[in-house]
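Undergrad: Sequence annotations record features per position, and here TrEMBL assigns domain 'Amidase' to 25-473. Annotated active site, charge relay system per TrEMBL: Lys79, Ser159, in sequence order. TrEMBL lists Ser183 with the feature active site, acyl-ester intermediate.
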Amino acid sequence: MTDLTALTIAEARDQLKARAITATELTSAYLKAIETANGALNAYIAVTPDKALDMAKASDARLAAGKAGALEGIPLGIKDLFGTEGVHTQACSHILDGFKPHYESTVTSNLWADGAVMLGKLNMDEFAMGSSNESSYYGPVKNPWRANGSNADLVPGGSSGGSAAAVAARLCAGATATDTGGSIRQPAAFTGTVGIKPTYGRCSRWGIVAFASSLDQAGPIARDVRDAAILLKSMASVDSKDTTSVDIAIPDYESIIGKPLTGLKIGIPKEYRVEGMPEEIEKLWQQGIAWLKDAGASIVDISLPHTKYALPAYYIVAPAEASSNLARYDGVRFGLRVPGKDIVDMYERTRASGFGDEVKRRIMIGTYVLSAGYYDAYYLQAQKVRTLIKKDFEDVFHAGVDAILTPATPSAAFGIADQDLASDPVKMYLNDIFTVTVNMAGLPGIAVPAGLDSRGLPLGLQLIGRPFDEETLFQTAYVIEQAAGRFNAPKWW
Ligand code: GLN
């Protein structure tokens, strides 16, 4: 029999509906792949085979009864940030040891309601803080890709490193992920997969462990643009449990795929040409421009003048919100408790041993920028900068630009335990230079693979859209995907 894990979601869906394969066969193929390859890649931190097979069986029954949902029988991996009822949910932190929620996040509920099957929980940077998946309590994830002629382990990007690696290595058909400053798009770019961060408010945040609530959004990582469109349609919803989710009709994203780009205006922001950016990235960007032009889009140069303030402002706003959100982990309500001589001592010991270094760094920065005397100088100032960044985008969209094309990341995947990055957190933060603006402005952004660098590693381009216009992103990204071709990671099993 052909390898079932080679099927995209769209292909598997069609074969399941035609009863050419069963959900149980498909799920078993993925469980076998996980069993073989996960020891090496560390993409899953909890596998749920019994649950997966039960769900697959129920899918087969619905398929037989002609009652299939949009994702009936499709096996997915779930980032450990999503609350999954009765199943390991720890945001890959030690402080949430043993936590199994009594609830299900809205996004995962939506997926199960459409018939998807859960394979397990995916590794990530602790509390989604990071760009390399190295801050996970469960250890780093390996990128399934290798540079030409090298066997050195590379990072899959972060924070959704487990999601991206699992999709690239075919350990799931698709995965959920979240993006606060780039955590869907950067790992997608590092692994040759497609990742979309939808508009803030498109997906409910309810039941997802909070990092920075005004920036966090859920979205899919998938093997191709069509699969990402199918997954987002299912994940998105307005939700009375998240008042920032928005009641705007969710289009059938898949139906836009393949539509010509005639009449679309694509903006190229000069501020995304940063100093020290490798020549290869510039070349890739130019190639992307040429592809979109060939497909009928018109290209215009634009300026987003406040771009250079986005990263510093993000690293004030995100830690500020994180320091507040993470105050709830006190050893009383969830997870780890380290006993102390009194309650304050217990809090201190629990938080000291429960949080990793990067999380502690964010809590300290966040507490500092929110403290009396510094609030106006840092937090308030960063909020003002955020408004200016948003206005830059509003101005170009107002002038008729439909979408903006940029590189997704300033480099390809780097090595695990890269000393240069490990010794300087600010260097690690620079990974997000092209992605954080999108979160600051609440806009949708998609990363799509567009080529390989000279070492044979995937590189991605990013498209940024108007609020709630994910459709144009799928339409445009598909053109890039068609021109660039698909990039398959080496097989691990
Ligand atoms: N890398 C960024 C950070 O560490 C973004 C993380 C994310 O999007 N969750 O904050």
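Placement of Cβ uses the backbone N, Cα and C atoms for every residue, glycine included.
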Undergrad: Taking every protein chain shown into account, which of the active-site residues Ser159, Ser183 has the largest tally of Cβ atoms within 10 Å of its Cβ?
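TA: Counting every other Cβ within 10 Å of each candidate, the maximum falls on Ser183.
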Undergrad: Running a distance check here. Ligand 1 versus the active-site residues Lys79, Ser159, Ser183: which have CB less than 6 Å from one of its atoms?
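TA: Ser159, Ser183, by Cβ distance under 6 Å.
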Undergrad: I'd like the Cβ neighbour count for Lys79 (active site, charge relay system), meaning other Cβ atoms within 10 Å of its Cβ, all protein chains included.
TA: 31
Undergrad: What Cα-Cα separation, expressed in whole Å, is found between Lys79 (active site, charge relay system) and Ser159 (active site, charge relay system)?
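TA: Given the Cα positions, Lys79 (active site, charge relay system) is 10 Å from Ser159 (active site, charge relay system).
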Undergrad: Under a three-state reduction of DSSP output, how is Ser183 (active site, acyl-ester intermediate) classified: helix, strand, or coil?
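TA: Reduced to three states, the DSSP call for Ser183 (active site, acyl-ester intermediate) is coil.
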Undergrad: Round to a whole number and give the Cα-to-Cα distance in Å for the pair Ser183 (active site, acyl-ester intermediate) and Ser159 (active site, charge relay system).
TA: 5
Undergrad: Calculate the per-residue pLDDT averaged over the domain 'Amidase' (25-473) and state the result as an integer.
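TA: Summing pLDDT over the domain 'Amidase' (25-473) and dividing by its length gives 97.
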